[in-house]
Amino acid sequence: IYRKHLKYIGATSPGELCNESYVAGVGTYPEDIGLEGLSMVITQLIGLHIGLTYDDVDNCSCPRAPCIMQPEALSSSGMKTFSNCSVHDYTHYASKLDMQCLGDLSNVLQPKQSVCGNGIVEGSEECDCGNETECQFKECCNHETCKLKGSAQCGSGTCCTPKCELSAAGTPCRKAVDPECDFTEYCDGSSSHCVPDTFALDGHLCRLGSAYCYNGRCQALNDQCVSLFGKGSQGASYACFEKVNSQRENLANCDSKNSYSLPCGQKDVLCGKLACFRPNKNYKSSTQSVLYSYVHGSVCLSIPPGLSMRSDGKDNAYVADGTVCGPQMYCINGSCKEVNFTGNDCNAAKKCKGNGICNNFGHCQCFPDYRPPDCNLQIGSPGGSIDDGNLLRTDSALATKRLSQHADSWVILGFFIFLPFIMTLFLGIIKRNERKIVPQKEQER
């Protein structure tokens, strides 16, 4: 439950973990704490539920203060541990019969059975190309049994060829959708499925430092306007955003998750509905409803919510998450938040030696001629990371590449060495033939 002002962190039934009538709890999400603080709220509620109590700071201690079951833990950052009092409480509670339900495995949920035909390889399935209509690998995979046919190596996936063979290692299987914030993934030669998506760590600077990468895309305000209103449109001024997002009307909303009107607070004006300058003075939209606002002699464009939805459920009428809203700040869920890097330990300058950037797995995405995982110099390396599936950066592959390059170089060098010799020989033959022809003509005279 979200609460703007904190009066309590939640409610649960202390020590009633195995009581089916009370095995529940409710936690609050105060405005002034981040995800780390919320995780402590949940941890403390679970602790109370299994019989722990709040620590007495005078009698309880832990290796690094504050301890988990202390109220101060909600507002502090960094690793935390349980105190000696919490360990004692748990040992005492676990020794009683009140926790015997934890040893009862009769009600453990069984893994979901695989469903043949849903396009997802599960359980004992060898392949799953979808139902009869969807299956594009009918020569490779039996869509009714999800078993491979004959000698087929694969029967589904982006790294499976029409000949039922695994794609060669290094074959691109997912192209980058953004030149700065997303990366191409490759088949690894051993799986028919592409590796998980890799992209720049959220908060990485793009567009010459004017925007942030977020979820694999450079969230530049101008790009969002171009996608809605066409080439030439640009992000509007602060005055336009204030006009569009501060009025109390049905179409002024800083919270796209709710159906009611919620004008933006002053600090969140740039994170509400998207406001853009028109591409040109004669701009008219024939494909969608456009709202026109006039501010200080400028025309600001916006659209009503719900008319331009993305495949991920987000509404293009609103500023995208990750868009800059101030110095070291970007928009998250309609609010202007400080860019927070406390959740990752990847420092590109140190970990990648300045020869790459951090990706969403916290690993280095190296520039060309630098080899992962540490981005050490290696001429000929395609760069990338240990996560993108490209195995063609191994020592043997690079050695083969260099030998091939050297062989080509020797062929070219040999050609240029022997070319003058061949030309000299050819010219000599021509001269000799000319000398033979001249005496014959003199004898004929």
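Glycine residues also receive a Cβ, built from the backbone N, Cα and C atoms like all the rest.
The annotation disulfide bond is assigned in Swiss-Prot to Cys18-Cys101, Cys60-Cys85, Cys62-Cys67, Cys173-Cys194, Cys346-Cys358, Cys352-Cys364, Cys366-Cys375 on the grounds of similarity to another entry. Marked as domain 'Peptidase M12B' by Swiss-Prot on the basis of sequence analysis: 1-106. Taken from Swiss-Prot, the feature domain 'Disintegrin' covers 113-202. Feature annotation from Swiss-Prot assigns topological domain 'Extracellular' to 1-409; the stated evidence is sequence analysis. Residues or ranges marked as topological domain 'Cytoplasmic' in Swiss-Prot (evidence: sequence analysis): 431-445. If you look up Swiss-Prot, you'll see 410-430 marked as transmembrane segment, on the strength of sequence analysis.
Take the disulfide-bonded residues Cys18, Cys62, Cys375: by the count of other Cβ atoms within 10 Å of each Cβ, the lowest one is Cys18. Ranked by how many other Cβ atoms sit within 10 Å of their Cβ, the disulfide-bonded residues Cys101, Cys358 place Cys101 at the bottom.
Mapped onto DSSP classes, the domain 'Disintegrin' (113-202) shows 0 helix, 14 strand, 76 coil.
In terms of C-alpha distance, the listed disulfide-bonded residues Cys18, Cys85, Cys346 place Cys85 closest to Cys67 (disulfide bond). The shortest Cα-Cα distance between Cys358 (disulfide bond) and any of the disulfide-bonded residues Cys62, Cys364, Cys375 is the one to Cys364. Within 10 Å of the C-beta atom of Cys194 (disulfide bond) sit 20 other C-beta atoms, taking all shown protein chains into account.
Within the same chain, residues at least 6 positions away in sequence whose Cβ sits under 8 Å from that of Cys364 (disulfide bond) are Cys346, Ala348, Lys351, Cys352, Gly356, Ile357, Cys358, Pro372, Pro373, Asp374, Cys375, Ser385. Put simply, Cys101 (disulfide bond) is 29 Å from Cys60 (disulfide bond) when counted between their Cα atoms. Of all Cβ atoms in the protein chains displayed, 27 besides its own lie within 10 Å of the Cβ of Cys366 (disulfide bond).
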